[in-house]
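Step one of this worksheet: look at the structure below.
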């Protein structure tokens, strides 16, 4: 066997392993939050970025082995930004044989008309885009709207709200839309961005640049993203543990009187969540809780339940 064949064989092995991990992550998120149900018609919002391409690919893959029946329709909003490659997504989706709809709305022109030069356009653009996608979901008769946000996006949102908003609020894997008419799901909620990036690179998706509108990146979010990436490099397992913390909230040991009845504590009240250790500090694990090095993931695979019959 030639050296090139050896490399190709290794690359394929790594891609299969990566795809299996992404499928498992998505399958677990779907099961944990009951994201997809029998007969669902899912509107997959496709921007042309790595996240939405990966979401569509994994959902299509799971569709073949899932114990329930559901359908997918990919939707892209062409906002008429200068230089937007209109042919890329239709060609890609037709090649896959995926049902799709390209919605053409000149939101770019509206934003440029309403927002003074030099001011950020993201807020108005987001509101316009959201309204159009909600309308499209109704027109297509879809039961769920799938967005491509991943675990890193969720953590970034948590820290943005903590640092700048004064609240512990992240990005929900599943919730009712703000208009009260649609269920929004995020199937990539358990997926790492670095896994998605590696998968997108290996699959060579036809990526569409995200800066066509000319807007500047969200500086606050970028600072948080850089901070999390730095932590991930310097302290392996910290990101995983922080995300686990979002799934293991202990209201009695926080300060929100809406979540826990502190005023109702009297002599004779039951001990809740271990009670207060008073002067003693809580014992903290030396290693991040629940984290395993990446090379140990084969062992973890044997212990986890493949909820969507990943093969």
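One is the number of the first residue shown, and numbering goes on along the chain from there.
Note that Cβ sites are derived from N, Cα and C of the backbone, with glycine treated the same way.
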**Asked** Among 41-46, 47-52, 53-58, 59-64, where does Swiss-Prot put the label motif 'PP-loop motif'?
**Response** 47-52
**Prompt:** Which site among 122, 125 has the most other CB atoms no more than 10 Å from its CB, taking these as binding-site residues?
**Reply:** 125
**Message:** Could you give me three numbers for the motif 'PP-loop motif' (47-52), the DSSP helix, strand and coil residue counts?
**Reply:** 3 helix, 0 strand, 3 coil
